Amino acid sequence: MLGVQAQMPAPGQWTTPPFDPRFPNQNQTRNCYQNFLDYHRCVKTMDRRGKNTQACDYYFRVFHSLCPVSWVQRWNEQIKQGTFPGKI
């Protein structure tokens, strides 16, 4: 986990996400969606264990860099309404 922390820029400085070997193709739609899921799963797990969610910030930064704002807003609304199709 130390390697991930070393890659994170200071708050407010957004950079291009590093290469993820799970998504080698140019189309990054799946990468966006997977990092959105990973972030919410991480937050849920850390909250359940009573730990700090700062470790989840990496996923937050990646999906905010890759995903269109309209998608994120729609997914967050679906989560609040209980209609989000992904497993969190």
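From the backbone N, Cα and C atoms, a Cβ is placed for every residue, glycine too.
Noted in Swiss-Prot for the protein shown:
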- 1-21: region 'Disordered' (REGION)
- 29-75: domain 'CHCH' (DOMAIN)
- 32-42: motif 'Cx9C motif' (MOTIF)
- C32-C67: disulfide bond (DISULFID)
- C42-C56: disulfide bond (DISULFID)
- 56-67: motif 'Cx10C motif' (MOTIF)
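Annotated pair C67 (disulfide bond) and C56 (disulfide bond), C-alpha to C-alpha distance, rounded: 17 Å. If you take the Cα of C56 (disulfide bond) and the Cα of C32 (disulfide bond), they are about 15 angstrom apart, rounded to a whole number. Helix, strand and coil counts from DSSP across the domain 'CHCH' (29-75) read 42 helix, 0 strand, 5 coil. The two recorded residues, C32 (disulfide bond) and C42 (disulfide bond), show a Cα separation of 15 Å. Taking the Cβ of C42 (disulfide bond) as reference, residues of its chain lying under 8 Å away and at least six apart in sequence are, in sequence order, T53, A55, C56, Y59. On the 0 to 100 pLDDT scale, the motif 'Cx10C motif' (56-67) averages 94 in this prediction.
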